[in-house]
Amino acid sequence: MASEAANGSLANEKAPETVGVGRYVEMEQDGGDSSTGVKSRLSGLLWHGGSAYDAWFSCASNQVAQVLLTLPYSFSQLGMVSGILFQLFYGLMGSWTAYLISVLYVEYRTRKEREKADFRNHVIQWFEVLDGLLGKHWRNVGLAFNCTFLLFGSVIQLIACASNIYYINDKLDKRTWTYIFGACCATTVFIPSFHNYRIWSFLGLVMTTYTAWYLAIASLIHGQVDGVKHSGPTKMVLYFTGATNILYTFGGHAVTVEIMHAMWRPQKFKAIYLLATLYVLTLTLPSAASVYWAFGDELLTHSNALALLPRTAFRDAAVVLMLVHQFITFGFACTPLYFVWEKLVGLHDCRSLCKRAAARLPVVVPIWFLAIIFPFFGPINSAVGSLLVSFTVYIIPALAHMITFRSATARENAVEAPPRLVGRWTGTYMINAFVVAWVLVVGFGFGGWASMTNFVRQIDTFGLFTKCYQCPPPPLPPAAFPGGHSNITMPFAGGHPPAAAPAPAHSLHHHHRHHSHGI
């Protein structure tokens, strides 16, 4: 069993009688200190979090993450009005499907605990909820989409780390930074579960709050660049690519079940994700709108907003804070994958944290490898949003809720009925049907076409395993040009070998503007 110190705070919490949700016991190393001294109190304060506040911090911190830096890029593709409307629309839709996931979790756990199931040493996951409520076929589909989404979500964090640190230290190329941060992020294998992210999720939200307001204030102080243009939307490919990036932004609830399971009273989750989304909107709307107002169409070739702002101590602080936050978000995305792997190899109920950490390491290797192959941060966000997020956290939860409660008996015996505000069961069914239809057509259909078109364009332009994606190239030596001029540079570093004869500067600039989407 876990140490007494680990469970002292949990033992004081009693689940309400209306819902039979048991207490969660985190597995730790044997021989824990059961004293109630300063050490155990400090551990409880920083490490053992299971309150509604902890869940709120986890949801908000995980939701905004690195996409904060790509939302101005999405605004340049969508235009100001569409950018704001899509954020509000997808924020509300994401909150709704997170609510559906929470309802299905409580329904599943209550049914299992009525059958005397014990989850004290087992973390419930989304695919297990689908298995218990709808059968093995739903489990397999949910497992495939969820794991693939979380895998690429972790990949995106590594790419983002390398992209951001390059703005502070460009002595190493981005691929080398990816190697370094891959090793750093591998240390997340030692964090047992979301129950132990209390201090990390709090710090993560503080960091993104600083970065968001830095982007907004710095852009307003900088003012509009000379000849600024706000052309968007101009092309359907760009429009739906931007829309799916926002779909991805508010689709961070693939870890909702794991966050709920780490709570002392999971049934309190209900509106937590909505409240987290409302806070996140106070960060994303001002920052994205301000940066787009200041730089306009320049963002089409700079999907990382930090690339356009002048280097100052404030910008360097934002970069460092986002690096730390991306480490935290890597852990958020990877921890459910660790659980799946532990269950596969039979070590999920192991009492030794060191054995579990060693068993988790093989999960990090493919993530590391994929981040080196596909360093296209901006386009990969949209591709993941359209192909994976659309099903994982929008379509599957809505369909699962509709089918789980399709019979009158299931609705009558439901642990939690839909609120009157949404029209009870009829209104819920209509909302779910709309979510499925909209995301299937707009998110997966048009969004998938646009994002994959853009993604393939990056591969054609830069190639795989590119050494330094969209890095500013060094100037060629003066001797390479008649008259000693060296103002002509190649548009991409680490992409393709230089041509035999340099093209005119204006044509290279044109090529750069049309093909360098992403970080």
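Keep in mind that glycine also has a Cβ here, set from the backbone N, Cα and C atoms.
As annotated by TrEMBL, domain 'Amino acid transporter transmembrane' applies to 48-439.
Annotation comment: TrEMBL describes 84-106 (among others) as transmembrane segment.
What TrEMBL records for 143-165 (among others) is transmembrane segment.
Among the features that TrEMBL reports, transmembrane segment is placed at 177-195 (among others).
Annotation comment: TrEMBL describes 202-225 (among others) as transmembrane segment.
As annotated by TrEMBL, transmembrane segment applies to 237-260 (among others). Beyond its flanks by at least six residues, the transmembrane segment (237-260) meets 55, 58-59, 62-65, 67, 70-71, 73-78, 82-83, 86-87, 90-91, 93-95, 97-98, 101-102, 105, 123-126, 129, 146, 149-150, 153, 193-194, 266, 269, 273, 277, 280, 284, 300, 332-333, 335-336, 339, 378-379, 381-386, 389-390, 392-394, 439, 442-443, 446-451, 453-454, 517 of its own chain at Cβ-Cβ distances under 8 Å.
Sequence annotations record features per position, and here TrEMBL assigns transmembrane segment to 272-295 (among others).
Positions annotated as transmembrane segment by TrEMBL: 317-341 (among others).
Summarising the annotation, TrEMBL assigns transmembrane segment to 361-380 (among others).
As annotated by TrEMBL, transmembrane segment applies to 386-408 (among others).
Same-chain residues lying 6 or more positions outside the transmembrane segment (429-450) and placing a CB less than 8 Å from one of its CB atoms are 93, 96-97, 100, 236-241, 243-244, 247, 382, 385-387, 389-391, 394-395, 398-399, 401-402, 422-423. Per TrEMBL, transmembrane segment is recorded for 429-450 (among others).
Under the heading region 'Disordered', TrEMBL lists 498-519.
TrEMBL lists 507-519 with the feature compositional bias 'Basic residues'.
Only residues 6 or more beyond the boundaries of the transmembrane segment (143-165), in the same chain, are considered here, and those with a CB under 8 A from a CB of the stretch are 65-66, 69, 125-127, 174-175, 177-178, 181-182, 185, 254-255, 304, 306, 319, 322-323, 326-327, 329-330, 333-334, 336-337, 340, 366-368, 370-371, 374-377, 380-381, 384, 388-389, 391-393, 396, 469, 519. Note on the transmembrane segment (386-408): residues 93-94, 97-98, 100-101, 103-104, 107, 130, 133-134, 138, 141-142, 145-146, 148-149, 152, 244, 247-248, 251-254, 414, 425, 428-429, 432-433, 435-436, 439-440, 443-444, 447-448, 450-452 of its chain, located 6 or more positions outside it, place their CB under 8 angstroms from a CB of the stretch. Most Cβ pairs under 8 Å to the transmembrane segment (177-195), among the stretches 84-106, 202-225, 317-341, belong to 317-341. Under 8 Å from some Cβ of the transmembrane segment (202-225) lie the Cβ atoms of residues 57, 60-62, 64-65, 68-69, 72, 283-284, 286-287, 289-291, 293-296, 298, 305-306, 309-310, 312, 314-315, 317-318, 321-322, 324-325, 328-329, all in the same chain and six or more residues away from its ends.
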